[in-house]
Amino acid sequence: MAEYLASIFGTEKDKVNCSFYFKIGACRHGDRCSRLHNKPTFSQTIALLNIYRNPQNSSQSADGLRCAVSDVEMQEHYDEFFEEVFTEMEEKYGEVEEMNVCDNLGDHLVGNVYVKFRREEDAEKAVIDLNNRWFNGQPIHAELSPVTDFREACCRQYEMGECTRGGFCNFMHLKPISRELRRELYGRRRKKHRSRSRSRERRSRSRDRGRGGGGGGGGGGGGRERDRRRSRDRERSGRF
């Protein structure tokens with residue numbers, strides 16, 4: 001019996017635990033759900049609830065008419081948001097393996113951002129700190145999420161352009177970033193690892209030669225890059 005219960009845990013056959021919450025970390029019934037939402041006590045993944053505001057869903061003029069937002073403007077706005085959050089997570093809390101943003105319209109998924117860290121300790125640290133912070137004038141609601149495999153959480157029909165439920169689908173509709181930004185963010189991490197390795201080699205050679213300043217050039221470049229990034233960030237509307 002115990003083996004059977006373990007085998008169906010989190011599936012639709014499980015009459016006790018909510019399969020949607022287990023797969024997606026969110027359920028449209030919320031606290032009213034008849035099944036249990038087992039919130040994890042440890043996880044690599046955190047959820048920042050309802051933090052992304054899609055201008056195409058919310059932009060209205062003073063007379064209540066909807067303002068047109070071009071696809072180019074929309075992508076630029078989204079890329080800026082994604083880069084700001086991704087950079088903040090890595091610089092303050094730890095290495096990010098994956099970050100995803102929901103483009104759904106249902107209250108339980110709209111604007112949710114899922115950040116999967118390499119280490120569970122970093123995820124725990126992030127949740128504790130973020131719940132005392134604000135973003136874009138709103139308090140952040142962060143929690144550990146049971147989602148670790150986004151392939152199970154995503155709507156396959158949406159990825160093929162065939163989802164008939166639209167924005168109110170109960171599976172994740174993930175909003176993609178531009179290819180350029182993906183290369184920059186995830187490529188930057190690979191460069192950082194290579195840079196650290198080269199920096200250690202330089203410091204080792206410097207110590208062998210009796211000089212102590214071999215690693216300073218790399219740090220200065222990194223500082224200038226951070227300054228440029230912060231300057232760009234100050235121009236953005238969404239601020240931590």
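Backbone N, Cα and C atoms are what each Cβ position is placed from, and that goes for glycine too.
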- Which one of R66, R133, R156, R165 shows up in Swiss-Prot with the note omega-N-methylarginine? R165
- Swiss-Prot tags one of S19, S43, S61, S178 as phosphoserine; which one? S61
- List the helix, strand and coil residue totals of the zinc finger (149-176) as derived from DSSP. 11 helix, 3 strand, 14 coil
- Message: What's the number of neighbouring CB atoms sitting within 10 A of the CB on K39 (N6-methyllysine)?
- Response: 12
- Message: Check the DSSP secondary structure of S145 (phosphoserine), expressed as helix, strand or coil.
- Response: strand
- DSSP helix, strand and coil counts for the zinc finger (12-40)? 9 helix, 2 strand, 18 coil
